[in-house]
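Novice: Here's the feature list from TrEMBL:
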type	residues	note
TRANSMEM	20-39	transmembrane segment
DOMAIN	102-534	domain 'Major facilitator superfamily (MFS) profile'
TRANSMEM	181-204	transmembrane segment
TRANSMEM	210-228	transmembrane segment
TRANSMEM	240-259	transmembrane segment
TRANSMEM	360-381	transmembrane segment
TRANSMEM	393-410	transmembrane segment
TRANSMEM	422-440	transmembrane segment
TRANSMEM	446-469	transmembrane segment
TRANSMEM	481-504	transmembrane segment
TRANSMEM	510-529	transmembrane segment
Amino acid sequence: MTTGVERLFDQLGHFKRFQACLYFAAIFQAISCGIHYLASVFLVQTPKFLCDAPSNITDILYRNHSSTSLADIWTHYKPGDGPVVVRTAGGDQWELSPCLKVLRLDAINFKYEFFGNKTVESCGGFVYDHSEVEQSIVTDYDLVCEKEWLAKLAQPTFMLGVLIGALVFGDVADRIGRRPILMATSLCQFIFGVTVAFTGNYYLFVLMRFLLAMVSSGYLVVVFVYVTEFTGIKVRTWTSMHVHAAFAVGIMVVALVGYLVRVWWIYQIILTLSTSPFLLYCWKFPETPFYLMAKGRYKEAQELLDTMAYFNSLPPTLKVSELKDECDGELLNDNKQEDGRAMQVKKRLSILDMFGSLKMAGRSATCWAIWFIGSLGYYVFSLGSVNLGGNQYINLFLAGAVEVPSYLIGCIAMDRVGRKKTCAPALLLGGVACMLIIVVPQDIEILAIVLSMTGKFAIAIAFGLIYLYTCELYPTIIRSLAVGSGSMMCRVGSVVAPFCVYLADIWIYLPQLIVGILAFIIGILTMFLPETLGQPLTSTLEEAEALGSKPNTKNAAVDALEMNQTIKA
């Protein structure tokens with residue numbers, strides 16, 4: 001039987017009307033996190049460009065194509081495949097390339113090939129192809145050639161803000177509550193999101209995006225805790241994993257708005273306004289019962305229990321005193337545990353405990369690797385989808401759409417075939433799909449896109465389940481530390497991902513190939529982890545180390561309570 005605060009769900013419902021309304025209202029704002037995380041795909045998009053052309057152009061040549069307007073040449077032009085030759089009304093002939101222009105000396109005939117003397121000049125400005133991108137940060141501030149690194153720095157800087165925001169707001173939410181953080185980060189998302197659209201220079205743009213990343217990450221971290229503390233154990237796997245599905249919806253919104261709006265600041269405003277309705281009702285959110293009980297705010301907790309009962313059409317018979325007495329009893333029993341376990345609890349915050357033996361060291365390294373490749377693969381597939389060829393907007397939309405069924409299949413597989421037997425095949429499938437890209441001919445773009453989306457689908461399954469799997473692989477005394485350290489590796493992967501995507505400049509499919517190789521190797525390592533499906537949660541390092549080698553007889557009711565307390569934390 002469920003004990004402690006968790007017992008309230010047995011009496012008030014695991015996912016009835018009150019929890020359902022809160023859940024869908026809370027994850028609605030999670031859509032904005034997906035929006036802002038991937039918005040830079042089009043915010044800092046670099047269109048085709050050339051050195052500024054001289055005035056009074058009369059003729060243009062590009063290989064076998066001729067025209068009198070640069071606009072007619074862009075559809076044929078490929079960067080790195082030769083210059084565009086132009087002739088002015090005065091008879092001067094220029095060869096225009098992306099980062100330099102060349103004046104032909106003593107040119108008589110207007111031909112594409114020229115073997116005479118030339119003089120090289122630097123670009124005074126740039127001409128952009130506006131057929132795909134009307135206006136972006138790159139075109140506004142000429143972030144090309146020697147300034148190209150500034151454009152490429154925008155997304156890594158954002159991901160650094162994601163890392164810092166997760167650390168800051170996760171800790172603050174434990175101190176002052178989940179509700180204040182949800183409200184503050186949502187309001188700041190709106191303010192910073194709109195401010196980004198009106199920045200007057202590149203550096204202010206990056207700063208505002210950095211702050212936006214911090215609050216977006218803070219919301220995403222806290223909303224995960226919030227929904228798990230309002231849903232019972234019977235549905236918690238599904239509700240926690242499908243927070244990620246809301247994030248995927250945000251990616252699809254980015255693709256749709258990016259297709260319809262080609263001016264970056266209007267695009268940014270529309271994306272920010274799309275989730276503004278959340279501000280109209282988030283102030284009505286209650287604090288979670290777990291937090292109120294932990295902080296001794298029993299009067300508020302009782303009011304919340306009565307409200308839940310009313311909305312769920314149940315009698316308000318559950319009293320806080322019942323939950324409080326059970327919690328006190330459990331605490332008293334915990335204090336009577338053997339000295340060995342008590343000593344372990346005292347050192348539970350030491351990360352060295354995760355590497356205390358060869359078996360635990362291997363397990364920890366593998367878990368960290370799964371967290372890392374899950375985040376790296378997720379963002380490489382999402383950010384790099386626009387480089388795969390074909391329609392970039394459809395590619396990004398598909399990158400978000402394939403996630404939704406992946407979480408559904410992942411939930412079913414986790415509960416039926418097991419955690420390891422879901423995670424390892426998913427990583428192996430993602431690895432194989434990505435490595436097959438290397439044999440895809442350049443002219444068969446659709447096959448490369450299918451393989452890339454298969455990789456994203458598989459990686460999303462592993463990425464979605466690793467949180468719960470990590471909880472089950474480690475004992476109570478270091479479980480929060482294990483999840484926290486894994487989350488840190490996840491953030492490292494998100495920071496590295498944009499740099500990996502930039503390797504597409506060397507070869508278009510190189511980022512997917514790197515992710516595929518790593519995913520395949522980590523998938524093999526995952527097969528050596530113990531299976532935790534149906535296994536009770538462990539409390540000591542000895543019990544955790546014995547997972548997969550002998551049965552554990554720990555009381556199942558206490559296990560469930562410990563698991564819920566860990567997810568709550």
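Each residue, glycine too, has its Cβ placed from N, Cα and C.
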Novice: Which one, 20-39, 181-204, 240-259, has the most C-beta pairs under 8 Å toward the transmembrane segment (393-410)?
Specialist: 240-259
Novice: Between the stretches 181-204, 210-228, 240-259, 422-440, 446-469, which one has more Cβ pairs under 8 Å with the transmembrane segment (360-381) than any other?
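Specialist: Between the candidates 181-204, 210-228, 240-259, 422-440, 446-469, the best contact partner of the transmembrane segment (360-381) is 446-469.
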Novice: Could you tell me the mean pLDDT the prediction assigns to the domain 'Major facilitator superfamily (MFS) profile' (102-534)?
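Specialist: Overall, the domain 'Major facilitator superfamily (MFS) profile' (102-534) comes to a mean pLDDT of 85.
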Novice: Counting Cβ pairs under 8 Å that are 6 or more apart in sequence, does the total for the transmembrane segment (240-259) and the transmembrane segment (181-204) reach three or more?
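Specialist: Stretch pair does not touch.
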Novice: List, by number or range, the same-chain residues at least 6 past the transmembrane segment (510-529) whose CB is under 8 A from its CB atoms?
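Specialist: Beyond its ends, the transmembrane segment (510-529) has Cβ neighbours at 362-363, 366-367, 369-370, 373, 376-377, 380-381, 384, 420, 423-428, 430-435, 437-438, 451-452, 455, 458-459, 473, 500-501, 503-504, 548.
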